[in-house]
Amino acid sequence: MRFEHKDILDMESLSVQDITMILDTAEGMKEISKRPVKKVPTLRGKTIVLLFQEPSTRTKSSFDIAAKRLSADSISLSKSTSSIVKGETLIDTARNLEAMNPDIIVLRHPSSGAPHLIAKHVNASVINAGDGIHAHPSQTLLDLMSVREKKGELQGLNISIVGDISHSRVARSNITGFTKMGANVTISAPATMIPRGIEALGCKVAPDMDSCIENADVIIMLRIQKERQENILFPTEREYAALFGLNAQRLKLAKPDVIVMHPGPLNRGVEISNQVADGRNSVILDQVTNGVAVRMALFYLVAGGSRNADTI
């Protein structure tokens, strides 16, 4: 079965079958990363442009490593090294890149909808690496992979998401992705950090963190995104940590085999304690590992792959 999407822009456009195909393919890709020689010729001759207009550590390096492990040629452009700083529009940048015939453009941008706009103006496949507060599909896919690895299935799991929901593209994509795969999603945050109408995405809003994480199978913690906040949304970090921080005592409210996740970067001592972040329930580093596998799968599939990666 051939993957039918030219672009990966959000979780809404992916069906359950699409998501399952991506996760199955990523499992095969993960095996490649365990080999002594972590490279296959699958995308030799393909060119991938990483156009990142916001700071990134994990996502950018993960996409870059994914491209190289598939033998693609990758070029990395940041805001400071592109002509955008000279006043060039994003569309003009994309058209100029298109003139060089890349196969895939990976875009991170501070404006919601930017990858959708670019996808309309280029023939290359576009993968959204995070756009404003809108979406971060590859993060959700690696989260789904991490949960499926640990729990065996996604259907019926209780997923708790706690933190700055209003400014989090990860929260929006995860709510959509996990509910689409049959999980039950409950969120919690200060009232100033919960967007109006978020329930329309299929989640429940808990009155406080304790009730949110009670009997949870998975807890996803989110950092406070101060860089996107125009006003002060809580009194102090200490008060926030007391009400919405995940510590060892609060973790006991969840199921004994709960897994704790975080998209990074972590603000230790604020939304998550050192003991929890580094404890036995944490799968935060597994998420990073799976991020490479998922992004390898996305490159492979949008480039025309039609099966899982077991024989690559």
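Placement of Cβ uses the backbone N, Cα and C atoms for every residue, glycine included.
Pulled from Swiss-Prot, these are the features on record:
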BINDING   ARG58, THR59, ARG108, HIS136, GLN139, GLY264, PRO265  carbamoyl phosphate binding site
BINDING   LYS86, ARG169, ARG223  L-aspartate binding site
Quiz item: Given the carbamoyl phosphate site residues ARG58, THR59, ARG108, HIS136, GLN139, GLY264, PRO265, which other residues of that chain have a Cβ within 8 Å of the mean position of their Cβ atoms, reported in sequence order?
Solution: SER56, THR57, ALA129, GLY130, VAL170, PRO263
Quiz item: Under 8 Å Cβ-Cβ from GLN139 (carbamoyl phosphate binding site), six or more apart in the same chain: what's there?
Solution: THR59, GLY130, VAL170, SER173, ASN174, PRO263, GLY291
Exercise. Using all protein chains in view, find how many other C-beta atoms are within 10 Å of the C-beta of ARG108 (carbamoyl phosphate binding site).
Key: 25
Quiz prompt | Proximal residue to ARG169 (L-aspartate binding site) among binding-site residues ARG58, ARG108, HIS136, GLY264 (C-alpha distance) | solution = HIS136
Quiz item: Of THR59, ARG169, PRO265, the binding-site residues given in the record, which has the fewest other CB atoms within 10 A of its CB?
Solution: PRO265
Quiz prompt | Long-range Cβ environment of ARG58 (carbamoyl phosphate binding site), under 8 Å and at least 6 residues apart | solution = GLY264, VAL288, GLY291
Quiz item: Between the binding-site residues ARG108, HIS136, PRO265, which lies closest to ARG223 (L-aspartate binding site), Cα to Cα?
Solution: PRO265
Quiz item: Counting all other Cβ atoms within 10 Å across every protein chain shown, which of the binding-site residues HIS136, ARG223 scores highest?
Solution: HIS136
